[in-house]
Amino acid sequence: MHTPLIDLRGIRKSYGGGDSPRVNVLRGIDLSIHAGEFVAIVGASGSGKSTLMNILGCLDRPTSGEYLFAGENVAELGGDELAWLRREAFGFVFQGYHLIPSGSAQENVEMPAIYAGTPAAERHARAAALLDRLGLASRTGNRPHQLSGGQQQRVSIARALMNGGHIILADEPTGALDSHSGAEVMTLLDELASQGHVVILITHDREVAARANRVIEISDGLVISDTARDLSTPRSANPAALQAVDLRKRLSEGSGSHGAWKGELLDAIQAAWRVMWVNRFRTALTLLGIVIGVASVVVMLAVGEGSKRQVMAQMSSFGSNIIYLNGKAPNPRAPKGVITLEEVAALGELPEVKMIMPVNGGQAGVRFGNVDHSSYVGGNDTHFPAIFNWPVAEGSYFSEADEQGAAAVAVIGYKVRQKLFGDRIDPIGQYILIENVPFQVVGVLQEKGATSGDLDSDNRIAIPYSSASIRLFGSQDPEYITIATRDANNVKQAEAAIRTLLQRLHNGKQDYELTNNAAMIQAEARTQNTLSLMLGSIAAISLLVGGIGVMNIMLMTVRERTREIGIRMATGARQRDILRQFLTEAVMLSVVGGLAGIVLALAMGAALLASKVAVAFTLSAVIGAFACALVTGVIFGFMPARKAARLDPVAALTSE
């Protein structure tokens, strides 16, 4: 006697309990089915026949009793092994067809083979052959809504046969069809049974049940009759059908086989893209949050980096070997210290000092014709262009003779030139009024640009130190001293030498302070970095909001596609397959949104550059923003994906 392929012993199934009343749906089912049988299970609505089919197809577990499949106790099988059985042993044909709306007929048929890890070319060919065999060769690209009821049911039969369909579980396969389409479906099931497939037909129609060679009637969860009839033509088991002996080996091998992970991932990506395209309006709205978030982060960081580079370049252009010396009050009650010209001369003798220049200046009103302007006026000596690496663009700098004679000459900055003279008037030789004192313009400095905040280096006027002291400010003592060291790498040593000399000259009083350009550049860099971080953090909030939007949409998608999840599980999807599918969709949303956000950011950057705004895109910022979008997709997509993977197959299939 051969071991039954399916052997049920005392199977019971009940629902409820606890605070709700317990409902006994199956109350002790004993049933054996051998390879090659065509069995019809008949019963009225509510008799338990659909619950029995779910248990037979490993979609549900009994409350008690023993279910042996090819001698293996199904209760001892894990989730992956049950999925393998649904994928390799069973093929489901449902009354409601249960096709995935977003997929074509070909894609619906291929689904079990995807979860089996079948190579793409092989499954494409097999699906096409099955559809051709069932008369749907011209409908392979049609979606379910483009097919009639009979055609949809034939697609579901082809899907059931995709991985062999050794056991066909047909739940009311003709219930939603007209008589002609129903007859066609039953003819197909007859053919499958004659070819050796086990066909288990669930129906309430006794005429349909009469097509089977064995009719089992259940009522109120019990088998009340089991009738077999002789066949005029004996059915022989298909050599390819599952046999109890080889199933044990195939089950242990197959449940551990996951297929090629690259192929599975590619299939998940293709399915995700298909879903996104079908629901493209919703997809676009969901992407908007990610796009705006990524674009905001990239543009904000680019603006911050551009501003930083601009400021750093301008500050560095003045030289990193510059030291500034000015007097200060040693304590709140003491007067501010004064650096005299005699001390300037003494400092100039130090071997570490290359050049030294006293500066006497301040903000002053400037006029040319009827144009008034406010500018910084600095009394310098002839070392100014060399110390600051700031050549003259037009005319010439004032001479040593001008300094000695306190000449009323001026070299103006680029911004002063534009404000007073514009582009039409040549400023060289023109007279301007500085605090109502006439000065002749002898030169125009090259454009430097703003360094930080409101400080604009081009909004200045250089005049001889002697002229500033005598004609404008009335003081011989400098406002501060500018010192250029011989070696930019030894600024600290130069500072130490200057301090030592000043300590001696000032009798130990700390009524002065030293700052150097390098330290100022570093401080400004830290400020700019902090500003960039703040801008990026503000922009990142929009990316976070976009991620929450992805999670909300995915949670709604899981609810809307609950039946699809049940279909995938019925065709052999494991929990991790469902998890991967929905997580891939979330990540795909983030990837597409991230790429679109980068493109938008580059376009916005180009517009800002055209508007003369300093922008500097960095690869790290672009990659970082894209990576954040990707991580956002994983984090906010995981919870919906996990929820989808944990759905009960039966509950998912019966959801509306």
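The chain as shown is numbered from 1 upward.
Cβ atoms here come from the backbone N, Cα and C positions, even for glycine.
Residues annotated as ATP binding site in Swiss-Prot, with sequence analysis given as evidence: Gly43, Ala44, Ser45, Gly46, Ser47, Gly48, Lys49, Ser50. Residues or ranges marked as domain 'ABC transporter' by Swiss-Prot on the basis of sequence analysis: 6-245. As annotated by Swiss-Prot, transmembrane segment applies to 284-304, 538-558, 589-609, 619-639.
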(request) For the transmembrane segment (284-304), find every same-chain residue at least 6 residues outside the stretch whose CB is under 8 Å from a CB in it, and list them. (result) 528, 531-533, 535-536, 538-540, 542-550, 553, 589-590, 592-594, 596-598, 600-601, 604-605, 608, 613-618, 621-622, 624-626, 628-629, 632-633
(request) Fewest other Cβ atoms within 10 Å: which of the binding-site residues Gly46, Gly48 wins that one? Let me know. (result) Gly46
(message) Under 8 Å between C-beta atoms and at least six residues away from its ends: which parts of the chain pack against the transmembrane segment (538-558)?
(response) 275, 282, 286, 288-294, 296-297, 299-301, 565, 582, 585-586, 589-590, 593, 625, 628-629, 632-633, 635-637, 639-641, 643-644
(message) Tell me the coarse DSSP state (helix, strand, coil) of Ala44 (ATP binding site).
(response) coil
(request) Can you check which residues sit near Gly43 (ATP binding site), meaning Cβ under 8 Å from its Cβ, same chain, 6 or more apart in sequence, and list them in order? (result) Lys49, His204, Glu217, Ile218, Ser219
(request) Write out the long-range same-chain contacts of Ala44 (ATP binding site), meaning residues 6 or more apart in sequence whose Cβ is under 8 Å from its Cβ. (result) His204, Ser219
(message) At 10 angstroms around each C-beta, which of the binding-site residues Ser45, Ser47, Ser50 has the fewest other C-beta atoms nearby?
(response) Ser45
(message) I want the residues beyond Gly43, Ala44, Ser45, Gly46, Ser47, Gly48, Lys49, Ser50 whose C-beta is within 8 angstroms of the mean position of the ATP site's C-beta atoms, in chain order.
(response) His204, Ile218, Ser219
(request) Count the other Cβ atoms sitting within 10 Å of the Cβ of Lys49 (ATP binding site), across every protein chain shown. (result) 26
(request) Restricting to the domain 'ABC transporter' (6-245), report the mean pLDDT as a whole number. (result) 85
